[in-house]
Amino acid sequence: MVADNGDEPDDDINKLTLHVPETSHQISTDSWFQAGFVLTTGINSVFVLGYSGTIMVPLGWVGGVVGLLLATAVSLYANMLVAKLHEFDGKRHIRYRDLAGQIYGREAYYITWALQYVNLFMINIGYLILGGSALKAFYVLFNEEHTLKLPHFIAIEGVVCILFAISTPHLSSLRIWLGCSTVLSLIYIIVACVLATKDGLNAPPRDYTIHWTSTTSRIFSTIGASANLVFAFNTGMLPEIQATVRQPAVKNMLKALYFQFSVGVVPMYAVTFIGYWAYGSSTPTYLLNSATGPLWVKASANMSAFLQSVIALHIFASPAYEYLDTKFGIHGSALKVTNIAFRILARGSYLTISTLVSAMLPFLGDFESLTGALSTFPLTFILANHMFLMAKKNKLSSLQQSWHWLNVGFFALMSVAATVAGIRLILVDSKEYHIFADV
């Protein structure tokens, strides 16, 4: 129940009591369509090749389909709440933490900052693992000896991401790369759908039974898959993306969200449902590993997935880059020697650490679950509903206030349960796989 489209503040809101820095990056320069493509790039990133295995397999047809539809609706709703608070108190809040700090105060500023960077760091871990997996899948098509292992490909992915981060100074400079990302996404999604459809038509009846070793396993698997559902649709950095949008920022961002959650979700739905239909309960967490077809077709899809992961990672790493550039006063031409040297040092260090963690613990599905639990639930659902409640409480009816409190309570419980499930999955897989495992 979005009660109010206005941005007028209530007088009794606590004001931010700390200095909020300006940004070294560009703001208010992009169209809503470009912002929509940024959001769609995230939702149709290489992660979509895993949703058949990480969402549909543990939930089955009914749970998976209903869950995805519900996750789409509640995610659109929650993101609309955040978008409508972008100009709260008469100023643009270009960072998630700035908005939280303006509404709640200093402590919330830092708590939100921590949650957001955990969220984005974990997402980047996932992109590095998936990009490495795609590159490995490309490699094994042409090399039967398998001399190189997954950690080697994750390291290669990390190096390419560092080079891309150095050459792409900020989010708005992705313009041409968003078009490239769309083409790359279409390549691997279309290939995966076509090959999976061919395999499904030629295969005997599939087993769609949900397999659990115990009741405990069933509970934790279901909760983990629920966290994957919300992970699929949310960025955790909506204010940062909205900051790039031209005025009127709220109206244009809502257009971008409508684009993301209508046209943008169709490819993701298609590859998720077709993949599960074709392979049933044996669907892997990287769909192209099961697909059969011409060598060159599979090779092009895997290479496209690898390259797209580099562009998508840059989007989710951009808040960290913006913080570092602003903190150290990086201004002027992106081609200045000092600015290039800073990007090499700062972004190279950030991605080197991310790559090392990814190579050590390449358990993709577990990281999706834990990311959804630790940060996506709090940032996208709990905080969005509570911030809207606090900012607009004098303008909401008792029924509307009860609705927002219900959302806060429900998603808080889901966050706690999903965190326990995500940690359990990582502990279980850590026993099965050693560090730097070739999974």
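Glycine residues also receive a Cβ, built from the backbone N, Cα and C atoms like all the rest.
Look at TrEMBL and you will find 29-423 tagged as domain 'Amino acid transporter transmembrane'.
The transmembrane segment annotation in TrEMBL covers 32-53 (among others).
TrEMBL lists 59-82 (among others) with the feature transmembrane segment. Nonlocal intrachain contacts for the transmembrane segment (59-82), taken as residues 6+ away from its ends with a CB within less than 8 angstroms of a stretch CB, comprise 2, 96, 99, 208-210, 222, 225-226, 229-230, 232-234, 238-239, 254, 257, 261, 265, 269, 272-273, 276, 380-381, 384-385, 387-388.
Annotation source TrEMBL lists transmembrane segment at 108-130 (among others).
Look at TrEMBL and you will find 150-169 (among others) tagged as transmembrane segment.
If you look up TrEMBL, you'll see 176-197 (among others) marked as transmembrane segment.
Per TrEMBL, transmembrane segment is recorded for 217-236 (among others). Long-range Cβ contacts of the transmembrane segment (217-236) within its own chain (Cβ-Cβ under 8 Å, at least 6 residues beyond either end) map to 39, 42-43, 47-48, 51, 54-55, 58-59, 63-64, 67-68, 70-72, 74-76, 78-79, 96, 116, 119-120, 123, 210, 261, 265, 268, 315-316, 365-366, 368-373, 375-377, 379-381, 414, 417-418, 420-422, 424-425.
Counting same-chain residues at least six beyond the ends of the transmembrane segment (257-279), those with a Cβ under 8 angstroms from any Cβ of the stretch are 32-33, 36, 39-40, 43-44, 48-49, 51-53, 55-57, 61, 64-65, 68, 72, 75-76, 79-80, 83, 185-186, 189, 192-193, 196-197, 199-200, 203, 206, 208, 232-233, 287, 290. Residues or ranges marked as transmembrane segment in TrEMBL: 257-279 (among others).
According to TrEMBL, the transmembrane segment annotation covers 299-324 (among others). Through the fold, the transmembrane segment (299-324) approaches residues 23-25, 38, 41-42, 45-46, 49, 95, 116-117, 120-121, 123-124, 127-128, 130-131, 134-135, 137-138, 141-142, 157, 160-161, 164-165, 168, 170-171, 174, 177-178, 180-181, 184-185, 187-188, 191-192, 235, 237, 240, 288, 330, 342-343, 346-347, 350-351 of its own chain, all at least 6 residues removed from its boundaries and within a Cβ separation under 8 Å.
Long-range contacts of the transmembrane segment (344-364) within its own chain (CB-CB distance under 8 A, at least 6 residues past either end) are made by residues 50, 54, 121, 124-126, 128-130, 132-133, 150-151, 154-155, 157-158, 161-162, 165-166, 285-286, 317, 320-321, 324-325, 328, 425-426, 429-430, 433, 435-437, 439. Residues annotated as transmembrane segment in TrEMBL: 344-364 (among others).
Per TrEMBL, transmembrane segment is recorded for 370-391 (among others).
According to TrEMBL, the feature transmembrane segment maps to 403-427 (among others).
Counted over residue pairs 6 or more apart, the CB atoms of the transmembrane segment (176-197) and the transmembrane segment (32-53) come under 8 Å in at least three pairs, which marks the two as touching.
Comparison of 32-53, 150-169, 370-391 by number of C-beta pairs under 8 angstroms to the transmembrane segment (108-130) places 370-391 first. Listed as Cβ neighbours of the transmembrane segment (370-391) (distance under 8 Å, sequence separation of 6 or more from its ends, same chain) are residues 2, 9-10, 13, 74-75, 78-79, 81-82, 84-85, 88, 96, 99-100, 103-104, 112, 115-116, 118-119, 122-123, 126, 226-231, 234, 236, 401, 404-405, 407-408, 411-412, 414-415, 417-419, 421-423, 425-426. Sequence-distant contacts of the transmembrane segment (32-53), counting only residues of its own chain at least 6 positions beyond either end whose CB sits under 8 Å from a CB of the stretch, comprise 126-127, 130-131, 134, 171, 174-175, 178-179, 181-182, 185, 188-189, 192, 228, 232-233, 235, 241-242, 244-246, 252-253, 255-257, 259-260, 263-265, 267-268, 271-273, 275-276, 279, 283-288, 305-306, 308-309, 311-312, 315-316, 364-365, 368.
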